[in-house]
Amino acid sequence: MTDADVIIIGAGIAGLKAAADLKEKGVSTLILEARSRIGGRIFTEYSEITNNHYDLGASWFHSTMENPVFDKFVNEWYKPINAKYDDSNIGIILNTETGSFPKDCNVGPIVDEMKYFVSKLDKDDTVQNSVVKYLKIKGNLLTSDEKKYASALFKFAELMGGCRWDMISSKFAYGPFTGRDAFNTIGYDKVLDKIYPLNENEKNIKLNTVVKSIEKLSGKSDKTILKITTKNGEEFTSKFVIVTIPLSLLKLSVENPNAEGAIIFKPELPEAITKKFSKTHFTTLGKVIVEFDEVFWPSNDKFLILSTPDDSEIDETKEYSITKFDDYSNSEDVKAFEFPCLVSNFNVVRGIPALMFLLPSQAMKQIESSSNPKEYGFQLIKPIIEKISENSNIPKPKLVLTTNWGNDPYSRGAITANAPGDVLVNDALIDGFGDIRFAGEGTIYQGHCCAHGAYLSGEREAKIILEKLGEL
């Protein structure tokens, strides 16, 4: 007799979707969650200071032409008004005298051509080197400003890839267009409420439960029984396990199995899985959110903040070295306009006098490691707010929030990412390890790195288990 038919490690959207689908077919489940809350990298915080909510994790529905979570959100669970496309009026901000591109410098078509060029390269390289390769071929047809500012706009890939352009893969920097992005205006916790209502399923979730090992035991009639042991010494058994921890933690089973959040597998994970660990990476995206008493900035839906162009970074006579992924130990701290970021105007999308900054890894590591992340974070983005608002005397915010995904031992980052030569997905994780299955945003192609990808991976694993149990 097992404690449950299926034990799920992690109460993020992948685990919750798997549990919901299994429950619907009468399969017993138990979710073991390390944190004191559900949601994983979905986390909606409600401010006691301003009475507003803010998503510190997922905020958008991405790729809405193939996003089943978005479809359910606007058509079944809530109303279309609760999701807002925020792409009708985008401001591009540079630290130049005009705050934008030079006059008659239209770089959009050039960047589109760069994307096409990069997609046809025979060998994967860094984003930086791929841009330089393009300039070597097409540079004689471009002005100095076009080279400089098109490269700066293409460099916005640092935000999608999480790390600096001398670290990230150009092959995966810009994927195919699969639909517009829509902002969730009422909070991503409302999505979780519909997938797996906590008030109906509380008895099937154990919070503050850190899993340390998963062991395959011999069962009756050659049926494997899985034993899960927690950090506190509790033991649970099941017929199947779905592991939904981030890839950053899964890799620790090989790299540092005694680390907080790591899981020891007995027997060890097969080589088919572990040999691809070196070709998958994880990095930190994060947010700084500032709310003010009133709005003093323009009415754009959002702003794309570009790095200040640097001719020394696009020298067509050079091939630049590949820097170790997510390693800034030999780099000086970045300042405003030395990294790209996206700024969501909450006055437009939600009617709140607030701005949300989405920042790449290096900036977030500086914030997370500071003695006062909120103050450091605000000071880091303050020059950007001044540039956006054309106001050098901005008021003090009444609320500042910063994220901590990189320092959180149960995430150790925010998204799956790619260095040159990486695989997008470790296919062996989809194949699984017998009755030990894997789900999460990094284990799937459709919706890769996104909340709906995690949702679909949970759906996939539930279906596989139901088929094995003869329930489908």
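Residue positions begin at 1 at the first shown residue.
Each residue, glycine too, has its Cβ placed from N, Cα and C.
Annotations in TrEMBL come from automatic prediction, not curation.
Predicted, not measured: the structure shown is a model, and the values here were computed from it.
Record check: TrEMBL places GLU33, ALA34 at the FAD site, and the matching candidate among VAL191, VAL211, VAL241 is VAL211. Averaged over the domain 'Amine oxidase' (174-466), the predicted model reaches a pLDDT of 97. Counting only same-chain residues at least 6 apart in sequence, those with a Cβ under 8 Å from the Cβ of ALA34 (FAD binding site) are GLY10, ASN208, THR209, VAL210, VAL211, GLY261, TYR410. Under 8 Å, Cβ to Cβ, and six or more positions away along its own chain, GLU33 (FAD binding site) finds GLY10, ALA11, GLY15, ILE205, LYS206, LEU207, ASN208, THR209. The binding residues for FAD are recorded as GLU33, ALA34, VAL211; their greatest pairwise CA distance is 8 Å.
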